[in-house]
Amino acid sequence: MAQSLDFSNWWPTEAKKGTPVVVKMDNPNYSVVEIDAPDAAFRPVEKTRGKNAKQVTWVLLLKAHRAVGCVAWIASLFWAVLGAINKRLIFRQDVAMASEKMGKGKVLFIVIKLFLVTSIAILCFELLAYLNGWHYFRNPSLHIPMSSDIQGLLHLVYVTWLSVRANYIAPPIQALSNFCVALFLIQSADRLILSLGCFWIKYKKIKPRIEGDPFKSDDVERSADVYPMVLVQIPMCNEREVYEQSISAVCQLDWPKDRLLIQVLDDSDDESIRYLIKAEVAKWNQKGVNIIYQHRLIRTGYKAGNLNSAMSCEYVQAYEFVAIFDADFQPNPDFLKQTVPHFKDNPELGLVQARWAFVNKDENLLTRLQNINLCFHFEVEQQVNGVFLNFFGFNGTAGVWRIKALEESGGWLERTTVEDMDIAIRAHLNGWKFFFLNDIKVLCEVPESYEAYRKQQHRWHSGPMQLFRLCLPAIITSKIAIWKKANLILLFFLLRKLILPFYSFTLFCIILPLTMFVPEAELPVWVICYVPVFMSFLNILPAPKSFPFIVPYLLFENTMSVTKFNAMVSGLFQLGSSYEWVVTKKAGRSSESDLLASAERESKTMNQLQIQRGASESELTELNRLKEQKEAAPIPVKRVNKIYRKELTLAFLLLTASVRSLLAAQGVHFYFLLFQGVTFLLVGLDLIGEQMS
């Protein structure tokens, strides 16, 4: 007996209206279905629920007002973007496009442009096929039509393209994507292990500790000997904005004056800045601080050459430790008392590194995203490596070195632009241990403009690859343990310096857009969405206040992979841009302690006579001239942002791929490509570093 399907109980039994309709099916396996009521669209409307003409008019006007407001908002947003582009094009003669030299990044830019042109052509072709009803691209497993089904020349070209795409283009793209996914999983596992190590350190409260009172001595006559001789170096170059606050902070270090010497190592090529720094040094010298000024006529070797020149002075032999601070760093007065005692009774310790803290981390979106990255770098990467391996890369500043460790490791070398990492590798190969103090923080700045951040990241990612080529033979032939060699080669250099920018750029900026046009090569959703979001959560844990910025952080990291990949390639193959050193521009942000000490700065005029006593006549003339220029200086013009071609080209490539994913009804891919393309667009127009309201 056939099964009966009765839908009569789906509608209310009371007040049945309408004539029953009987529908008979041709298939005898089904019984008769009765519909007891007409469709809801044909039911009579109750008069009590009706609306008069005035109410309908107001509803329509309200909806029209909302629609007009939405359209106006979209139009204003679009007009603002066009205005930003137009303004940057108008001022192009003053602000060039991304100040790239001839040949620098040219090959990468050409490759990206070829990808963009090809993608637009394929998208137009797919749209034409879609309008003609050839929907084969919706499902890559669909059967390709036979020759008898060909409807014309264009259809023949489209079918041929499908065959070539499936047989020749998709396999290499799929193989490359599988390779990048494997690298992505390895790097994610490394991040996960580091995070677990950080949790273990927090749980067990593991950190370097100072036993007892290191400055207590029973012998009153030799009580000063418990304070070792410390040399403090402040290398700088054209640091007009920050020289005063850094010198002031270092001169206020709590340490016996006869056991401390401060070197201001000025590589400035601007004569006016040199006179200002000399005046600042003279001011503190008049106050009894043991501080000297040193300037090189020829700036060779950049920062490494500057430090090497300072260490070659004869008086340095009397000092046991050297603390280094860049020009924008402001250590607390107790910095030396918190770091130097760790060297006592620990002869194998060569370096004590403090953590950075940022006075301008909330300045704009760019500084907030940098704070996320750097917090993970210090609290997770460096702290875990310092606790379990006694090794990490020296940060170049906010650290104290044992001078003996520097000398036995070969001193500062001028062969790369990452002299801090270079000396750390050589010291590690010589058996020296490192301590990282996560609780000791030194205030500094992060770049507030994308231009400065981009140049800084280029140096930070090209230098390690250049150093890897130079250090690899020394690592292999060194006498350290095999597992330490493996850690240096596989983890420190290859995984974290080479693989990370390679797969990030290749997977999310090249392969993902290509898979939209070659659907036979697929990327799983967990690669695009779940794993990156989980890893972003891990990265943001050291900076919990930055959780609202997790989505911009994920997109911005993928965007910066273009610069990092370009820098990595230039350093690996020793291209010209890998030897460039551009001083990161600072804004001269002051900490709260500096603001509280403003009264002392206001007394600068009172101390001017004392400064003049220690200065020559020519220097006084120059200072007066600079003061007059400062008073007559015009109001600074607001910065006009630049246009970055590679980022803009990739933005249009990703947006083109998002249109293709929308046609293929791939929701996750569409939103990811759309948001990533918009992020590339904002970075390409240099809007990421605008001030936050």
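Positions of Cβ are set from backbone N, Cα and C atoms, glycine also.
Marked as transmembrane segment by TrEMBL: 64-86 (among others).
For 107-131 (among others), the entry in TrEMBL reads transmembrane segment. Below 8 angstroms of C-beta separation, residues 137, 154, 158, 161, 510, 513-514, 517, 562, 565-566, 569, 645-646, 649-650, 652-653, 656-657, 659-660, 663 of the same chain, each at least six residues beyond the ends of the transmembrane segment (107-131), sit close to that stretch.
Annotated domain 'Glycosyltransferase 2-like' per TrEMBL: 322-528, in sequence order.
For 488-517 (among others), the entry in TrEMBL reads transmembrane segment.
When Cβ-Cβ distances below 8 Å are used as the criterion, the transmembrane segment (670-688) is approached by residues 81, 84-85, 88, 364-366, 449-451, 508, 512-513, 516, 528-529, 551-552, 555-556, 558-559, 641-648, 650-655, 657-658, 661-662 of the same chain, each at least six residues removed from its ends. Annotation source TrEMBL lists transmembrane segment at 670-688 (among others).
Panel annotation: around the transmembrane segment (488-517), residues 115, 119, 122-123, 126, 173, 176-177, 180-181, 183-184, 186-187, 190, 393, 425, 428, 461, 464-465, 468, 472, 475, 523, 527-528, 557-558, 561-562, 564-565, 567-568, 572, 650, 653-654, 656-658, 660-661, 664, 666, 669, 672-673, 676 of the same chain, lying at least six beyond its termini, place a Cβ under 8 Å from a Cβ of the stretch. Summarised as a single figure, the pLDDT of the domain 'Glycosyltransferase 2-like' (322-528) averages 94.
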